[in-house]
């Protein structure tokens, strides 16, 4: 909410990357809200989160939609950064504000379509053979169809984009060294920052989505009853949900990396509001 507020209030949305950052914050907000909804259902009626119920379809669908939107946003940010760095090298394509808006709209449409498939009928309320034990009443084939391709997308695309950015920055640094050693410190600093950011992104994605994917694979490979898996596997399921929710806190820190600048903007907004009050 802080990221959304500061970017809207300071009019930073004229930059394409700022639109993607703001949309990522919206996706994280939806993830937190849907996770809170599922937690409240667990508190009021724990059995429906274990054995499944029609009441779980809507919160699980919103949770899936928000996670998919987050993944698509992370991929879009990586691609945008790569295009921005490679722009002056060999490509004439320039990412504009309209492109970012189109990407945001497309990602949400795709996330809503894939996430709401259980609400459209792809659920296992009637067919118990293929029902997921961890995420009832979702079907196993639906979870595999949603989880594995998108997790692979979340790993491979940022790997390619950020590695290419590091390679481009290193080539520019070597070229500047060959030309009387100019601006080597700037490119060395940029390369170090991108490397640190990419490693942090990889670690956060690994900690967040790999356990969830492992749980889906375990769910698909083991055809057991709910009672046979209780309580250890359900504790693991809850931990994976907590890790995904904690990602919502890590994303703003990773993709802004300017806590002092963020605090300065909030302070400036507060001072501006106080000045307007004194003027009135």
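Every residue, even glycine, has its Cβ placed from backbone N, Cα and C.
TrEMBL lists transmembrane segment for one of the ranges 60-79, 80-99, namely 60-79. Ranges compared are 142-167, 168-193, and TrEMBL records transmembrane segment for 142-167.
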